[in-house]
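Taken from Swiss-Prot, the feature ATP binding site applies to G110, A111, H112, G113, K114, T115, S116.
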Amino acid sequence: MSKTYHFIGIKGSGMSALALMLHQMGHKVQGSDVEKYYFTQRGLEQAGITILPFDEKNLDGDMEIIAGNAFRPDNNVEIAYADQNGISYKRYHEFLGSFMRDFVSMGVAGAHGKTSTTGMLSHVLSHITDTSFLIGDGTGRGSANAKYFVFESDEYERHFMPYHPEYSIITNIDFDHPDYFTSLEDVFNAFNDYAKQITKGLFVYGEDAELRKITSDAPIYYYGFEAEGNDFVASDLLRSITGSTFTVHFRGQNLGQFHIPTFGRHNIMNATAVIGLLYTAGFDLNLVREHLKTFAGVKRRFTEKIVNDTVIIDDFAHHPTEIIATLDAARQKYPSKEIVAVFQPHTFTRTIALLDDFAHALNQADAVYLAQIYGSAREVDHGDVKVEDLANKINKKHQVITVENVSPLLDHDNAVYVFMGAGDIQTYEYSFERLLSNLTSNVQ
């Protein structure tokens, strides 16, 4: 008899992916969340998964309850009711740690790029063999017959500590989440603790100084662009408007040429990590090569649309390193167009900690438009930073805009608009799309 799972906070990206995966494995799944629309709920609704408002009546002692990490007794009625009545529940990462023991598990960790890399690994492996996976863009796939399980491994609040995968990629280490981590050293220590839990193979970006200090009982394989000191090396790069082609060598042995239809140097590294892991795990590289060619990307990572001949890119980038990577990808695909960045800072703590870095990253665009800072539910705005503080540090043409008036964005010809952020930047994007549609309607 299949279990019934109830998710408290089912619209969260990891939670929705897990709900979809369990649903596809034949379990009954339901969940609760706020009424505000979030991009993950489309997949849940298409699967026929019930989404309820938060209410203590949703809970049944016979259910297995999985709670989002942000919810506590003081901010959620279901958690409060469960605590008061002795109803047990597991946090997302606690459940995942026990769930993965039944599979050959492959994790993807890192400050940046883990969702794209998890998506790439999941795409390739699931086309080769039966695979279940969880991606941080809200995508999940479950199979009752799967031997392999691919998942995204999140460092925030050390949520990845219950995980003991056979294989893992770590894309990079960078200072982020300043509301939790106190320093780069603190971030490193978290990743190093995680690395010690890998059992068969750890694949790390060899040109990251912090990752060079990582220790693990599992064999460590370094990947990168530089031949010296790396095990898996990407070379002979050909970057074009159709994607990237490159050759991979393993300790001097030519593994052949590969092509990915995605953009930016960071995606070449993501692919090299995937190639290295699957080669080491014994998979046929001809199959890996074949399925890399069809990887189209993940949700909210360089997602493109064209509205009345205007190219709009939506990306989750909310850290300076991610912004630079996204703008690099835009320039690769659209070398003759003006690159216009529309960015919403995410959390006051991150904006304060990385203000100069944000300015440097955004200056890689040709023009910059800023939305008001999106505060996290975990923090209070003490007025220590405003978006104008960031605007004052940007050298390129720049302006602060509101969601009610995005018309300043029209002041560009032959431009690509790159909307970036982890808050509600999509509301600005949709406002701009409506404006473009109305202009066309008026002309017609």
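Keep in mind that glycine also has a Cβ here, set from the backbone N, Cα and C atoms.
Keep in mind that what you see is a predicted model, and the values were worked out from it rather than measured.
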Relative to the mean position of the Cβ atoms of G110, A111, H112, G113, K114, T115, S116, the recorded ATP site, which additional same-chain residues have Cβ within 8 Å? V108, T117, T171, N172, N270
Please identify, from the binding-site residues G110, H112, K114, S116, the residue with the sparsest Cβ neighbourhood, meaning fewest other Cβ atoms within 10 angstroms. H112
Residue among binding-site residues A111, T115 with least C-beta crowding, 10 angstrom cut-off: A111
